[in-house]
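Worksheet: one structure, shown below.
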């Protein structure tokens, strides 16, 4: 068993242990173990693996150069095949993989995975530069002993990482450009490879270049096609991430597209024609704003009309009051004239009785006419 574990990378496809591991690995029920991985635990496990000495060149002996192992993993003792198999089944080396593989994308059969592994039997050189730099930083933190477990070359990628890249290539080739998966992959790659990048498009481009490099380094047809598909998906995710702020900025700028006066004076048909292609929430918000403005304008118009009508009524009231005063003055003048004429008449009547005496047959006397 120790001789089988000490095989080189060229014997990986024909190894019974590797084939048994691939057959036992249920790709249809892929799960990622969600456990926090501490640096000191990784360093101690790397040191323990180096002290064993028998796993320095096997696919499962590169947790530091490829991916941190499960906390339940330990160096197997030679001669215990069942314990080694149990450790291999419990070895979740996908928890720290930089691209955060989505289990929904692994919708292929085990035969396709075996073909992908066979086509990617050779080591990938220079495909994942950012991944190699991360391995070098981890090896520098672990010390000289952990650096020796990396094989003396930080740019050389471990066989476990080659297996992971083959699985990702086959998944991308069969599942196509899944929007949710590539979007998630884009964010994860941007987080691991470019922690200081602020633009989503830059992170998407980096993930696309990393996927494309992985596919080109494999040399196999499945690897090249899968890598190209992954790269295209990463670029699409980057473009989508770049378009999201554009849509948001367009929505913010769309609010200033119509002024308040235009919203109020514009007809409903014209407004609907202008709002074609706009999101439903934006249309509802603009129509609510238009309704609010129209109600506000209607209230202001009613208030203005009431004030104007009050002014008109007050002016008419003043005119009527002036006319009443004028009529009162006219009445008082007529009353004075009437009193004067009455008094004058009484005087004439009294003077006529004195002049004529008691002669009643005089036609000029007032009694004759009365």
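Cβ atoms here come from the backbone N, Cα and C positions, even for glycine.
Per Swiss-Prot, these features apply:
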- 72-82: compositional bias 'Low complexity' (COMPBIAS)
- 180-195: compositional bias 'Basic residues' (COMPBIAS)
- 196-211: compositional bias 'Low complexity' (COMPBIAS)
- 212-241: compositional bias 'Gly residues' (COMPBIAS)
- 29: SUMO2 cross-link (CROSSLNK)
- 33: SUMO2 cross-link (CROSSLNK)
- 328: SUMO2 cross-link (CROSSLNK)
- 285-348: domain 'bZIP' (DOMAIN)
- 126-370: region 'Represses ARE-mediated transcription' (REGION)
- 285-310: region 'Basic motif' (REGION)
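Sorting the domain 'bZIP' (285-348) by DSSP state (H, G, I as helix; E, B as strand; all else coil) yields 64 helix, 0 strand, 0 coil. Along the domain 'bZIP' (285-348), the predicted structure has mean pLDDT 93. The number of other Cβ atoms within 10 Å of the Cβ belonging to residue 328 (SUMO2 cross-link), over all protein chains shown, comes to 10.
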